[in-house]
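Asks: Heads up, here are the entries from Swiss-Prot:
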{"type": "ACT_SITE", "residues": "359", "note": "active site, proton acceptor"}
{"type": "BINDING", "residues": "7-10, 21, 73, 78-79, 140, 155, 170, 224, 329, 347, 362, 373", "note": "UDP-N-acetyl-alpha-D-glucosamine binding site"}
{"type": "BINDING", "residues": "103, 224", "note": "Mg(2+) binding site"}
{"type": "BINDING", "residues": "376, 382, 383, 419, 436", "note": "acetyl-CoA binding site"}
{"type": "REGION", "residues": "1-226", "note": "region 'Pyrophosphorylase'"}
{"type": "REGION", "residues": "227-247", "note": "region 'Linker'"}
{"type": "REGION", "residues": "248-450", "note": "region 'N-acetyltransferase'"}
């Protein structure tokens, strides 16, 4: 059996924020959610989050996740003290405990799987993740024998000049035999200048303790301030974009593009510069997205072109051309082979196949049939100051330029709306509707002002 404990009690004063450090977002997820997510690769039987500073806020953020147990650390007296709080919660647990930090979000599943496998294969009392850094300044050093068995962990401030030449550092990720750890946890003492209980001190009481080097030391990058948060985002983005390019996606100018790791892309998608893909977005093969576009929590069908546009919480079917400067939001559904042109906004509306909305229109709370042509400047006046109302437009209908459709309203099939009309009443199939003042010409009008 495997239990996972995540240290999430700290305040994170260097973040200069009222938000607990572990709740700061890295892309689409908070730091601690990323740690929980990667730990799922081990299929743990128990998942414990140790909380302290603004613990209720951490609880509220994670309440949508299944089977999370919260352990309160009322005083933050170090990592060893945090793990001591687990004793009553794991009283009957028999198995291994993986200890992770809630502010180390870049670990890969393979790294944790390898750590656990080595720990179990060797029957270790403890196994810790280490790294060889080119510049280990600021980190405690790990000293091992030729079999990678840990003999000593020394904090940098306590290192001699000779010890500082060792570049192997402690990554702060541990796997313990819980029964052996629980037996010695009460023996920890705050024997240091900070008055804290260090988890690293258990090395003096457990045997054997083995070190496992991580292949990419960037995986154990911790987040302590906003600069490190930004650096972690860059690392995450590089991973995501490299993976998609290896899978057949073209990304033009990757440095100007962001793709969250919750996005799903197909082969032969082309991502133009200054494009940002977020949330649970899915983009099918043959699409060309950008430049200058933002798509969030949306599903894009095959062979769609999106130029300089914003799409959120919406669906675009295959063969459409969106933009430039279009805005689709609030569950907009665009049928196949539609054109949504410049300065068009569509909100909570369903658009039938082969419909054209070429420019300068607003459609809200509307349902359009197939092969509708929406003239320039057409808007649905869907809000009466209290409620939103529906507009229905039948297939084959054409609206003239500068038309206003005042909801609730139903236009039949093959209706023609004359330019400049304000329509307030339902219109039957195959009708021409004109609702505007008759033109008057007053000759010689200017003469009176001369």
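Placement of Cβ uses the backbone N, Cα and C atoms for every residue, glycine included.
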Asks: Quick test of the contact rule: Cβ under 8 Å, at least six residues beyond the ends. What residues does that give for the region 'Linker' (227-247)?
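Replies: Distant Cβ neighbours of the region 'Linker' (227-247) are 15, 24, 26-27, 105-106, 218, 221, 254, 257-261, 263, 265, 267.
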Asks: Across all protein chains in the structure, which of the binding-site residues 362, 383 has the highest Cβ count within 10 Å?
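Replies: Result for the most crowded candidate: 362.
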Asks: Rounded to a whole number, how many Å is the Cα of residue 362 (UDP-N-acetyl-alpha-D-glucosamine binding site) away from the Cα of residue 436 (acetyl-CoA binding site)?
Replies: 20
Asks: Pick the one among the binding-site residues 78, 140 whose Cβ has the fewest other Cβ atoms within 10 Å in this structure.
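Replies: The binding-site residues 78, 140 were compared, and 140 has the fewest Cβ atoms within 10 Å.
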Asks: Please work out the helix, strand and coil residue numbers for the region 'Linker' (227-247) from the DSSP assignment.
Replies: 20 helix, 0 strand, 1 coil
Asks: Quick check for the class: what is the C-alpha distance, in angstrom and rounded, between residue 170 (UDP-N-acetyl-alpha-D-glucosamine binding site) and residue 103 (Mg(2+) binding site)?
Replies: 15
Asks: May I ask which of the binding-site residues 376, 383, 436 is closest to residue 9 (UDP-N-acetyl-alpha-D-glucosamine binding site) if we compare their C-alpha atoms?
Replies: 383
Asks: Rounded to a whole angstrom, what is the C-alpha distance between residue 383 (acetyl-CoA binding site) and residue 329 (UDP-N-acetyl-alpha-D-glucosamine binding site)?
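Replies: Pair distance, Cα basis, whole Å: 17 Å.
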Asks: Show me the subset of 103, 359, 382 whose Cα is within 10 Å of residue 7 (UDP-N-acetyl-alpha-D-glucosamine binding site); these are the recorded positions I mean.
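Replies: So far as Cα distances go, the recorded positions lying within 10 Å of residue 7 (UDP-N-acetyl-alpha-D-glucosamine binding site) are 103.
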Asks: Only counting partners 6 or more residues apart, tell me which same-chain residues put their Cβ under 8 Å from the Cβ of residue 103 (Mg(2+) binding site).
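Replies: 10, 12, 21, 22, 31, 32, 222, 223, 224 - these are the non-local Cβ neighbours of residue 103 (Mg(2+) binding site), listed in sequence order.
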